[in-house]
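The UDP binding site annotation in Swiss-Prot covers LYS40, ARG331, THR515. The UDP-alpha-D-glucose binding site feature in Swiss-Prot is assigned to HIS205, ARG211, ARG331, GLU510, TRP512, GLY513. Here Swiss-Prot flags HIS291, GLU292, GLN294, HIS297, LYS301, HIS501, ARG582, ARG586 as alpha-D-glucose 6-phosphate binding site. The compositional bias 'Low complexity' annotation in Swiss-Prot covers 647-657. According to Swiss-Prot, the phosphoserine annotation covers SER8, SER11, SER627, SER641, SER645, SER649, SER653, SER657, SER684. Annotated region 'Disordered' per Swiss-Prot: 620-704, in sequence order.
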Amino acid sequence: MLRGRSLSVTSLGGLPVWEAERLPVEDLLLFEVSWEVTNKVGGICTVIQTKAKTTADEWGENYFLIGPYFEHNMKTQVEQCEPTNDAVRKAVDAMNKHGCQVHFGRWLIEGSPYVVLFDISSSAWNLDRWKGDFWEACGVGIPHHDREANDMLIFGSLTAWFLKEVTDHADGKHVIAQFHEWQAGTGLILSRARKLPIATVFTTHATLLGRYLCAANIDFYNQLDKFDIDKEAGERQIYHRYCMERASVHCAHVFTTVSEITAIEAEHMLKRKPDVVTPNGLNVKKFSAVHEFQNLHAMYKARIQDFVRGHFYGHLDFDLEKTLFLFIAGRYEFSNKGADIFLESLSRLNFLLRMHKSNVTVVVFFIMPAKTNNFNVETLKGQAVRKQLWDTVHCLKEKFGKKLYDGLLRGEIPDMNSILDRDDLTIMKRAIFSTQRQSLPPVTTHNMIDDSTDPILSTIRRIGLFNNRADRVKVILHPEFLSSTSPLLPMDYEEFVRGCHLGVFPSYYEPWGYTPAECTVMGIPSVTTNLSGFGCFVQEHVADPTAYGIYIVDRRFRSPDDSCNQLTQFLYGFCKQSRRQRIIQRNRTERLSDLLDWRYLGRYYQHARHLTLSRAFPDKFHLEPTSPPTTDGFKYPRPSSVPPSPSGSQASSPQCSDAEDEEDEDERYDEEEEAERDRLNIKSPFSLNHFPKGKKKLHGEYKN
């Protein structure tokens with residue numbers, strides 16, 4: 001979104017319309033450059049993958065992605081083909097003739113965009129020469145021992161070389177190149193230093209130094225204007241990377257960030273105010289299960305319940321129908337991802353549930369990849385015991401059913417004692433004995449390499465959440481990404497999320513936050529913070545986020561202890577909801593997915609391209625300055641109906657409502673009517689100038 005200007009999601013009612021002149025894409029070439037093209041490392045791959053269809057629909061054959069070549073990724077994700085564009089074909093051929101290995105094909109994702117992949121290893125012999133070129137271009141030296149930075153220099157040099165070959169054969173077509181993150185920034189710096197006729201955009205999804213500082217328990221956001229940036233980068237031995245990032249920012253015609261909170265950070269860390277904020281979206285169609293997401297929730301919840309039965313065998317004294325599944329997922333950044341405050345809140349939640357003698361049990365999953373040796377033997381044994389018991393029950397059921405069937409055919413009601421013989425009783429007793437357990441259920445599914453120093457396990461030991469019988473909160477650390485081929489929890493991430501009740505992401509540093517956004521489009525409530533880009537985005541668009549299943553923890557203006565208490569209250573309030581209240585909340589959450597669709601948020605990228613063309617080629621392209629529409633904007637309103645039983649949604653609800661809610665059935669609730677009201681109300685994006693100044697924290701408050 002343009003700074004100080006309200007762009008809109010025009011297909012939603014109640015929004016001011018931004019009339020943008022369509023770009024002549026048939027006379028343009030668009031390249032997006034990222035280290036995560038066909039190479040998933042973090043969230044940038046999700047951004048590019050989900051946005052690909054929208055961009056490909058707009059640009060057609062003139063849209064290309066540039067990334068690194070890895071043999072495994074090429075075999076499984078890319079279909080090789082010949083370039084149809086003459087300029088691109090000549091550029092690929094020219095580089096291959098000079099000894100580079102350039103691969104071209106279609107990425108096998110929705111939209112099937114073209115990809116150009118460079119083999120870094122085949123060009124490594126040029127490293128010393130390219131280091132000299134880079135030093136002459138911007139005065140930044142790259143240490144020999146930093147292999148990642150050296151790889152980025154090779155990648156950037158190949159990118160700049162390729163773009164030069166393209167512009168030499170473009171036949172009058174103008175070229176736009178968008179570079180994502182500092183890893184791709186070297187190509188931008190070299191392209192500008194060589195004065196290539198290219199309109200450039202640089203997008204930062206997070207600042208290098210910001211991530212480091214936040215991980216050090218520093219009151220980051222309230223001291224942004226006080227940091228000695230060069231000193232901080234030097235102390236962390238990332239000064240050369242910081243210089244590469246900052247040079248990329250200042251060389252670009254247009255600088256964009258993914259959220260307002262990151263825009264503030266970038267202005268202080270990188271010394272340039274972003275021109276456009278480009279919020280991250282999702283391909284909502286990918287996640288939509290038309291009117292069936294409630295049924296999918298029930299189906300995948302049953303699979304999680306199966307895992308829990310095995311994991312807690314011998315201690316399964318809680319009702320699985322009154323058990324809530326919570327989870328946190330992401331990179332293993334203990335403080336940045338909010339795992340520290342989450343664990344402390346779970347300890348307090350456990351105390352509240354026990355004190356109030358609640359019959360609700362909470363099982364919490366930590367899906368955060370870490371270094372492991374192998375699977376935990378106790379965890380594997382639990383799943384084996386569960387499967388064996390299931391097979392035993394099926395065998396007895398068939399035998400019991402046959403005897404019952406024969407008796408009824410004879411016109412007799414069989415004696416129950418005669419149906420089960422001595423062997424059957426012996427089998428059942430052996431099954432019961434097999435479920436006996438002397439030890440507590442493990443808190444981790446794998447054997448950790450650094451068990452004694454692992455932050456999550458160390459905190460679990462401190463707060464005492466060991467999965468005791470008396471605990472109402474149970475904890476399971478799954479230090480590996482989910483996979484449908486896992487012998488423990490054979491589910492993909494999307495299936496797992498749909499089966500859970502609440503995603504909890506109380507991050508301290510989260511430039512955007514895809515995990516709560518993915519929960520939203522799948523109709524799963526989530527917890528986020530006002531320090532995440534997604535949390536700020538929702539606060540500005542939704543009048544009562546909590547009613548729509550998005551709980552926003554204040555981590556900017558409250559002390560860590562107060563934030564922890566607020567999160568505890570959110571979790572405790574969620575535990576007190578009835579089943580039908582949760583069904584209503586999931587319906588409302590799913591409706592917010594309209595806000596996150598790339599079909600709407602993609603227009604901010606469109607504007608960035610307009611802007612960079614007008615700056616790079618002012619004689620050919622002109623962007624008329626437009627003042628903000630005369631409107632105060634709209635918000636998704638507070639829901640007008642409060643009853644906990646949605647009569648209109650019961651057809652798609654897989655479960656019956658709790659008996660204690662029957663007295664509310666006479667209150668009218670029309671799901672479709674409320675949904676239509678909600679879709680007609682939305683607030684336009686806010687201006688950076690209205691962001692409030694934070695409250696100072698006392699020294700040491702962040703060291704929980």
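Placement of Cβ uses the backbone N, Cα and C atoms for every residue, glycine included.
Across the structure, HIS205 (UDP-alpha-D-glucose binding site) and HIS501 (alpha-D-glucose 6-phosphate binding site) place their CA atoms 29 angstrom apart. For THR515 (UDP binding site), the Cβ neighbour count at a 10 Å cut-off comes to 26, with all displayed protein chains included. Ranked by Cα separation from GLU292 (alpha-D-glucose 6-phosphate binding site), the binding-site residues ARG211, TRP512, THR515 are led by THR515. Apart from the site residues HIS205, ARG211, ARG331, GLU510, TRP512, GLY513, the chain places the Cβ of GLY42, GLY43, ALA206, SER507, TYR509, PRO511, TYR514, SER532, GLY533 no farther than 8 Å from the centroid of the site's Cβ atoms, the recorded UDP-alpha-D-glucose location. Put simply, of the binding-site residues LYS40, ARG211, TRP512, GLY513, THR515, the one whose Cα is nearest the Cα of GLN294 (alpha-D-glucose 6-phosphate binding site) is THR515. The Cβ of LYS40 (UDP binding site) has 15 neighbouring Cβ atoms from other residues within 10 Å, across all protein chains displayed.
For GLY513 (UDP-alpha-D-glucose binding site), the nearest neighbour among the binding-site residues LYS40, HIS297, LYS301, ARG331, ARG582, judged by Cα separation, is ARG331. Taking each Cβ in turn and tallying the other Cβ atoms within 10 Å, the top scorer among the binding-site residues GLU292, GLU510 is GLU510. Residues LYS40, ARG331, THR515 are listed as the UDP binders, and the farthest two of them sit 15 Å apart at their Cα atoms. In the three-state DSSP reading, GLU510 (UDP-alpha-D-glucose binding site) counts as strand.
The separation of ARG331 (UDP binding site) from TRP512 (UDP-alpha-D-glucose binding site), Cα to Cα, is 14 Å.
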